Amino acid sequence: MSKQHDAAADGGIPAAEAPAKRPPLNKYALACAVLASMNSILLGYGTRTHMTHTIPCTPLPYICTHVSVVSGAQLFMKQDLKITDTEIEILAGIINIFSLVGSLAAGRTSDWIGRRYTMVLAAAIFFAGALIMGLAPSYGILMLGRFVAGVGVGYALMIAPVYTAEVAPTSARGLLTSFPEVFINTGVLLGYVSNYAFHGLPVHLSWRVMFLVGAVPPLFLALGVLAMPESPRWLVMQGRIGDARRVLAKTSDSPAEAEERLADIKKAIGIPDGVGDSDDDDEVVVVDRRNKKGSHGEGVWRDLLIRPTPPVRRILIACLGLQFFQQASGIDSVVLYSPRVFEKAGLTSNSNSLGATMAVGASKTLFILVATFFLDRVGRRPLLLTSAGGMVVSLVTLASALHAIDRLPEGHATPLAGVSIAAVLTFVASFSVGMGPIAWVYSSEIFPLRLRAQGCALGTAMNRIMSGAITMSFISLYKAITLAGSFYLYAGIAAAGWLFMFFFLPETRGRSLEDTEKLFGGGDDGEDNKEDGHDVHKKSTELSSKQTVT
């Protein structure tokens, strides 16, 4: 086993160490990560096609023109279906509520049918949602399509990072697990392109074509996903040791690492040494099938929420806290309502506002790539702390500039307008360097195997709840305490997030997925290895007696 295991055996938890020489990127694992993450394109495209800058057309008329340029679907839906600004706002924001259904169901679903078929299901649901929205004759049917698409969004948000983390070799797990965030922003870009490409069609066709185009990629994605292997960790949970060994051989950096990863997974499941060591051992009863617990996710909610062990409780708090602070620090408000911020800063022309808003999108996408390539080099904690620190400074700067602008005569705030724009760009860049992608990476790494899918589902639910709460409350918030006050509030939340991450989140770089639990006090000697009063030794004895060969 690795040096980390030796150190753990001596009673200590070693600091994560990157390999002395990084192995070349495993191309098969890369292809799996790309295909899995492409579901996230649907999320970015489907939400952004008609969600970007969902702002009521009063009291800032110029923003309505901006909406027609950047997110044309809204204007055409209003004209064709005769719906109001309030209905448009509800349609845009409610997806965060609808996605809760998918994110909470995805955990149990992926434990039952597998990670791969869950991705196929996500694509199929999104395909159906896009068709319903594109063909909707009324607002009610449009809302139904939004609900179906939202369920697909919830599935895609949860399953892509879980599958990628379980397939990726340790040396590249951070890089590959951050791909979903990269593809979400690619989908956002395609949404912008779609709006521009189809805005010249007749009113009754333009917005429908924008949605119907979103129904095409899921067909190809579903076929591509079927060509991918199943998660090796899920295969072991089902007793398919031989299949898991073959997947690990393709996705690991070396044959030795493949065997080590398989041994760690078997140990985490409770399969005793010597069982499943032959390529013919394709069926091993992982748990007592009279209880039917573990292999398909039964009993997981109890172990997560009702009777969690101390390590599991700390892991759950880490996941939920990180997802909470990712959204509560105001990223969606800054991105979605940036035109309003720029208008306050003095950019009253459509062209200037559009240019500044496009710069926000470019900054967000560019710096996600920075995080992607540094995750496995410098680690999760340094990037998270740098990200949160940059967000605090940017938000305080933005709030201070807006506060100063309020006190100046109109037309005398030109230098402060530049400061405001720079602060917004720095804020989204800081978010993308750490908090944006790493919240998903970290959440998919820390849960024990049996709890991972549904634990990540809870994290996704927290993320969606906070996103909806922040975006749908921003206008009321800034009217109550001003724009400057709103951003001071977000800065305070981001500062609390920095403290949370500093004191509560250990580094996971260089750790196997089965090893990360030890960072929270779990592992071989932890309480968490007991299940229903039976210890691992007794369970392993039962497993050996029930081994079957196919």
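Each residue's number is its place along the chain shown, starting with 1.
Just so it is clear, glycine is given a Cβ too, placed from its N, Cα and C backbone atoms.
Just so you know, TrEMBL annotations are computer predictions that nobody has curated.
Annotated compositional bias 'Basic and acidic residues' per TrEMBL: 531-541, in sequence order.
As annotated by TrEMBL, domain 'Major facilitator superfamily (MFS) profile' applies to 32-509.
What TrEMBL lists as region 'Disordered' is 516-550.
The transmembrane segment annotation in TrEMBL covers 88-107 (among others).
The transmembrane segment annotation in TrEMBL covers 119-137 (among others).
Under the heading transmembrane segment, TrEMBL lists 143-163 (among others).
The transmembrane segment annotation in TrEMBL covers 175-193 (among others).
Sequence annotations record features per position, and here TrEMBL assigns transmembrane segment to 205-228 (among others).
Sequence-distant neighbours of the transmembrane segment (356-375) (same chain, 6+ residues past either end, Cβ-Cβ under 8 Å): 53, 66, 70, 174-175, 178-179, 181-182, 185-186, 188-189, 192, 334-335, 338-339, 342, 347, 383, 421, 424-425, 428-434, 436-438, 441, 509. Residues or ranges marked as transmembrane segment by TrEMBL: 356-375 (among others).
As annotated by TrEMBL, transmembrane segment applies to 382-405 (among others).
Per TrEMBL, the feature transmembrane segment maps to 417-442 (among others).
Annotated transmembrane segment per TrEMBL: 463-481 (among others), in sequence order. Through the fold, the transmembrane segment (463-481) approaches residues 55-56, 89, 93-94, 96-97, 99-100, 103, 154, 157, 323-324, 326-328, 330, 332-333, 336-337, 439, 489 of its own chain, all at least 6 residues removed from its boundaries and within a Cβ separation under 8 Å.
The feature transmembrane segment is assigned by TrEMBL to 487-505 (among others). Taking Cβ pairs closer than 8 Å, the transmembrane segment (487-505) reaches residues 314, 317-318, 321-322, 325, 328-330, 333-334, 380-381, 384-385, 388-389, 391-392, 395-396, 398-399, 402, 435, 442, 477, 481 in its own chain, all 6 or more past its ends.
Note on the transmembrane segment (382-405): residues 325, 329-330, 341, 344-346, 371, 374-375, 413, 416-417, 419-420, 422-424, 426-427, 429-431, 433-436, 438, 442, 482-488, 490-491, 494-495, 497-498, 501-502, 505 of its chain, located 6 or more positions outside it, place their CB under 8 angstroms from a CB of the stretch.
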